[in-house]
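Asks: Below is one structure. I have some questions about it.
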Amino acid sequence: MYTLVLLRHGESTWNKENRFTGWTDVDLSKDGIVEAGRSGRLLNEAGFTFDLCHTSVLRRAIRTLWIVLDTMDLMYLPVHHSWRLNERHYGALQGLDKRETTEKYGKEQVLLWRRGYAVRPPALAEEDPRHPRFDPRYAGLGPDALPATESLEDTLARVVPYWKNSIAPEVKAGKRILIAAHGNSIRALVKYLDHIPDNEITGLNIPTGFPLVYEIDKDLHPIRHYYLGDPDEIRRATESVADQTSARK
């Protein structure tokens, strides 16, 4: 049996402001820093250690990983960064307030944009300064790899090859791996590992700052998965993610 740990980054500044973030490179909020430290302590208390780590190229995930490794006294571990683990690109929604967007377009439409499988938000214009072609961290990628918007299906299409080519062989070699990533890149990987049907993925929400442990067999099929942490806190955090588009009261 192999063990893999998935961790959504701690709360970001735009999570706190309830904005669509996507590939925008915002940092952790003060609460997010606390959540990252809590994740490290939970892993320590449960007896986990790791051989290597994977994360995205966005600072909220990178900093979460740094804090976890520092808390666990594992700062020396090798860390692999890949844009393929980035958050889903939210296109022209990036930077917009989620509740205001819901009031403008309707809850059903925004739910499809946020949690649907194949629906893409409105795309960024190619000349928009938020487009990833203007970001030097993606300079080595061809234009076809740079999204102006993504559905979860698109996100899965870039996450799964990274899993198959870079992570799965390490898992099979017995490496103990921690992946610090984002809500939708983790949703994509969970969908793939658990064979969640397209029409059921809408209901899957990943809370910030709680380690998600997967026990998997020799063929990389999940045996079971569970969160580390207080069940009531995990439930409230998960409900909070689902409730981000509720109208103001």
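Going from the start of the chain as shown, residues are counted 1 onward.
Quick reminder: no glycine exception, Cβ is built from N, Cα and C everywhere.
From Swiss-Prot, for reference:
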- His9: active site, tele-phosphohistidine intermediate (ACT_SITE)
- Glu87: active site, proton donor/acceptor (ACT_SITE)
- 8-15, 21-22, Arg60, 87-90, Lys98, 114-115, 183-184: substrate binding site (BINDING)
- His182: site 'Transition state stabilizer' (SITE)
Asks: Would you count the other CB atoms within 10 A of the CB of Gly22 (substrate binding site), including those on all shown protein chains?
Replies: 27
Asks: Helix, strand or coil at Arg8 (substrate binding site), per DSSP?
Replies: strand
Asks: Compile a sequence-ordered list of residues in the same chain as Trp14 (substrate binding site), six or more apart from it, whose Cβ lies below 8 A from its Cβ; state 'none' when nothing qualifies.
Replies: Phe20, Thr21, Thr24, Val26, Gly95
Asks: So if I draw a 10 Å sphere around the Cβ of Glu11 (substrate binding site), how many other Cβ atoms end up inside it?
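Replies: Glu11 (substrate binding site) is surrounded by 24 other Cβ atoms within 10 Å.
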Asks: How big is the gap, in Å, between the Cα of Lys98 (substrate binding site) and that of Glu87 (active site, proton donor/acceptor), rounded to a whole number?
Replies: 16
Asks: For the recorded positions His9, Lys98, His182, work out the Cβ neighbour count at 10 Å and name the residue with the minimum.
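Replies: Among the recorded positions His9, Lys98, His182, the lowest count of other Cβ atoms within 10 Å belongs to Lys98.
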Asks: I need the nearest neighbour of Gly22 (substrate binding site) among the recorded positions His9, Glu87, His182, using C-alpha distances.
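Replies: Among His9, Glu87, His182, Glu87.
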